[in-house]
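For reference, the structure discussed in these notes is given below.
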Amino acid sequence: MSKKGDSSDHLRCSFCGKNQDEVKKLIAGPAVYICDECIELCNEIIAEETEKGAVDSEFQDIPSPKEIKAMLDEYVIEQDHAKKVLSVAVYNHYKRLDTAFDSKDVDIQKSNVLLIGPTGSGKTLLAQTLARFLDVPFTIADATALTEAGYVGEDVENIILSLLQNADYDVERAKRGIVYIDEIDKIARKSDNPSITRDVSGEGVQQALLKIVEGTTASVPPKGGRKHPQQDFVKVDTSNILFICGGAFNGLAELIQRRQGEKVMGFGAKVQTKTDMKIGDLLVQTRPEDLLKFGLIPEFVGRLPVIATLGELGEESLVRILTEPKNALVKQFQKLFEMEGVKLRFTDSALSAIAKGALDRKSGARGLRAIVEKAMLDIQYEIPSMENVKECVIGEEVVMHGEDPILLFEPSKKKA
């Protein structure tokens, strides 16, 4: 009950001692009183403790590197080295955030990651799977769409805006999110000599990205954007955001081979040609100096201390990708057909044909879905209207030449 109107002089807040005339409200309890100011202070203390407890709980639940890799194994085939490197880097990153809350005596640097590998080798999938497993906000940006501020194109701050949107405008969650920047190799400068002219989509973009990658306070439009120009911009500290950059880096293997060739010159030196070594074996030996020669600026290379390389995927690997992961294409289509009461089966030769098609397109795992969708289009159109179909068998001819699949009907209802 409120005692604001009570004229008794002895009514005071039991916590701060102020009398009823010095506060807005005085709430009475059994032999005690509390004022509105003390209530507000108590609410602030409780909110701070609750937030700190939630953060502490979040960091105590960080999975170990082995647990992270085991989860990645469920969705990404092969690439064990990259998965191990990424697992350790992500674990250390979130432990670093934990340390930031508990200790101020050691400054642990952020472990941003550079993923190097051919198109369709699993770079984007690794980043997506990590973010989903860790339950943190995640966004993907295309480096080729970015330009320096003042030029037509996407500003680098838009990356943080996208992350904030995916965090439902929860700034604290966004500050612990993961950003994946794809096609990072496409913003390399044209030579390893500093440019004296404007490079709107190359060196200039690297300089712009450098600020948010190393840690800055980015100003992004509020919810509603330009519809509410009177609103203040939202400030997001990027110091604790994990940045994962990925690219195919075509031509990097040749730079590495050239560097190695210079060091093995002389009598009796064993020289390995490009045919002797796979591109993946060369990329594993990537050094910062190779990235500098490729066209990344020194400051940007320095902000990506962890390098993980992914190898090329062969036919056998692509077949495994079609069938083994939790989100495997074959499993997805089998589930869709199961909903129609039909068992779907792909022959081994059909799976090999799909894998070979992706290899011919030089698109890696990324090209698998387009090939499968094309092969399955007609039968997906027909099956819902057909009766008594028990099983559908997809053979090599369906994939290669668009022939009809084999349909097996219920024996008792099979028509002559």
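Cβ coordinates come from backbone N, Cα and C, glycine included.
According to DSSP, CYS38 (Zn(2+) binding site) is assigned to a helical segment. The annotation Zn(2+) binding site is assigned in Swiss-Prot to CYS13, CYS16, CYS35, CYS38.
According to DSSP, THR119 (ATP binding site) sits in a coil region rather than a helix or strand. Spatially close to THR119 (ATP binding site) yet at least six residues away along the chain are ALA248, LYS362, SER363, GLY364, ARG366, judged by Cβ distances under 8 angstroms. Positions annotated as ATP binding site by Swiss-Prot: PRO118, THR119, GLY120, SER121, GLY122, LYS123, THR124, LEU125.
According to Swiss-Prot, the feature domain 'ClpX-type ZB' maps to 1-54.
Note on proximity: of the binding-site residues CYS13, CYS16, CYS35, CYS38, the one nearest GLY120 (ATP binding site) is CYS38, by Cα distance. Between the CA atoms of PRO118 (ATP binding site) and CYS38 (Zn(2+) binding site) there is a gap of 61 Å.
It is SER121 that, of the binding-site residues SER121, THR124, has its Cβ surrounded by the most other Cβ atoms within 10 Å. Cβ proximity to the Zn(2+) site centre (mean Cβ of CYS13, CYS16, CYS35, CYS38, cutoff 8 Å) flags the following additional same-chain residues: SER14, PHE15, GLY17, LYS18, VAL23, LEU26, TYR33, ILE34, ASP36, GLU37, ILE39. Counting every protein chain shown, the Cβ of CYS16 (Zn(2+) binding site) has 13 other Cβ atoms within 10 Å. In sequence order, LEU115, GLY117, ASP182, GLY246, GLY247, LEU310 are the residues near LYS123 (ATP binding site), counting only same-chain partners six or more apart with C-beta under 8 A.
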